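Student: Okay, so TrEMBL annotates it like this:
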- H22: active site, proton acceptor (ACT_SITE)
- R157, E262: substrate binding site (BINDING)
- 178-326: domain 'Glycosyl transferase family 28 C-terminal' (DOMAIN)
Amino acid sequence: MVTRSLHIAFRVDASETIGAGHGMRCVTLAIGLKQRLKQLGIKADFHFVSTKSAQLLVSLYRQNGFLHSVVDTVESSVDHIKADVWIVDHYQLDRVFEQTLTNRNLKVMVIDDLANRMHDCHLLLDTNFLENYKDRYNELVNESCRLLLGPSYAILREEFYALSEVQCKAPRQILICFGGSDPHNMTMFALNALRLLDDNCIEANVVINDNHKARNEISEQIRCINNKTIHKVHLHINSRNMSHLMQTATLMIGAGGSMHWERCVTGLPAIIISVADNQRETSQCLADKNVCDYIGHFDEVGIKQLAGRMADLLRLPTILHDMSNNAKSIIPSGKGTPKICEEIIHTFQLAPHS
């Protein structure tokens with residue numbers, strides 16, 4: 001029986017320039033938190049707040065029953081949105097904005113990846129896997145801030161926690177996905193690399209969003225590959241079974257960021273091309289532990305280089321098997337989104353006796 005009501009606001013932007021990752025992970029966290037609060041008899045309304053130029057995921061917010069508002073200034077966002085808890089996921093915001101909230105005695109959580117600015121908050125989450133990940137915020141947060149650091153706190157959708165064991169992966173099946181916005185059209189880059197492979201048939205699943213700026217060109221390239229090569233390529237728009245596609249693939253070609261953790265949970269080996277500067281270090285750290293094969297930044301990698309690496313790894317099942325096992329060891333079972341939700345509920349005392 002629902003007995004209480006909360007209002008939780010997310011300050012997050014998503015656009016072709018910024019990417020969709022911030023908004024996507026906030027939606028995932030909101031869904032998980034809403035479900036957990038409902039189990040505790042607490043009704044929660046979720047409100048996504050963004051600027052006018054960052055409307056990429058508005059339809060997704062509303063599809064999940066969340067409110068959305070556009071704001072121009074810090075003051076208008078705080079005064080207009082009457083929230084009990086603010087969750088801030090924005091590289092351009094720091095303790096100046098956060099203190100606007102804490103000075104009003106509001107509860108504040110920050111989601112960050114960069115560790116390059118000061119914060120004033122109650123909770124801070126950073127899932128990065130780096131050599132110094134436990135120490136990066138020592139001088140950047142207030143003394144009372146609780147830190148949730150490392151991939152144990154990866155924000156993953158519910159589908160990734162309900163995976164059944166796959167008995168046999170399809171041989172030579174690859175997955176191509178470069179995230180929600182793919183601003184550099186690396187999907188086409190990977191398809192061009194696939195066309196260079198002609199020794200054995202490869203089955204590929206390609207995942208893009210319906211608002212991908214090169215959707216028509218990608219569709220045409222896939223048609224050409226299917227008609228003129230030995231490969232078979234399937235296009236998925238706004239896939240709702242990403243966990244299954246990952247679990248059944250032999251190898252993935254994709255970007256860094258939050259998809260690292262989805263690949264780890266599913267034990268999916270990957271060739272990684274970073275598409276943002278903040279993806280470089282974690283991608284390299286994971287590659288050093290043989291969790292993935294990081295071949296460089298998007299403007300440093302050639303099509304022939306990617307094609308050659310794809311061919312090499314597909315001929316080396318032992319290497320792929322080791323990479324898969326290493327990936328699975330990164331995120332312990334029972335961690336991730338459920339653990340984050342419990343930390344939020346406990347830290348902010350959102351439930352009786354929490």
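All residue numbers here begin at 1 and follow the chain in the order shown.
Each Cβ is built from the backbone N, Cα and C atoms, and glycine gets one as well.
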Student: Tally of helix, strand and coil residues over the domain 'Glycosyl transferase family 28 C-terminal' (178-326) according to DSSP?
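Tutor: Taking the domain 'Glycosyl transferase family 28 C-terminal' (178-326) as a whole: 73 helix, 26 strand, 50 coil.
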Student: To which of the recorded positions H22, R157 does the lowest count of other Cβ atoms within 10 Å belong?
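Tutor: With the recorded positions H22, R157, fewest surrounding Cβ atoms within 10 Å: R157.
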Student: Restricting attention to the domain 'Glycosyl transferase family 28 C-terminal' (178-326), give the mean pLDDT.
Tutor: 95
Student: Does E262 (substrate binding site) have same-chain partners at least 6 apart in sequence with Cβ under 8 Å from its own Cβ, and which are they?
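Tutor: Counting only residues 6 or more apart in sequence, the Cβ neighbours of E262 (substrate binding site) under 8 Å are L156, F160, M242, S243, M246, L268.
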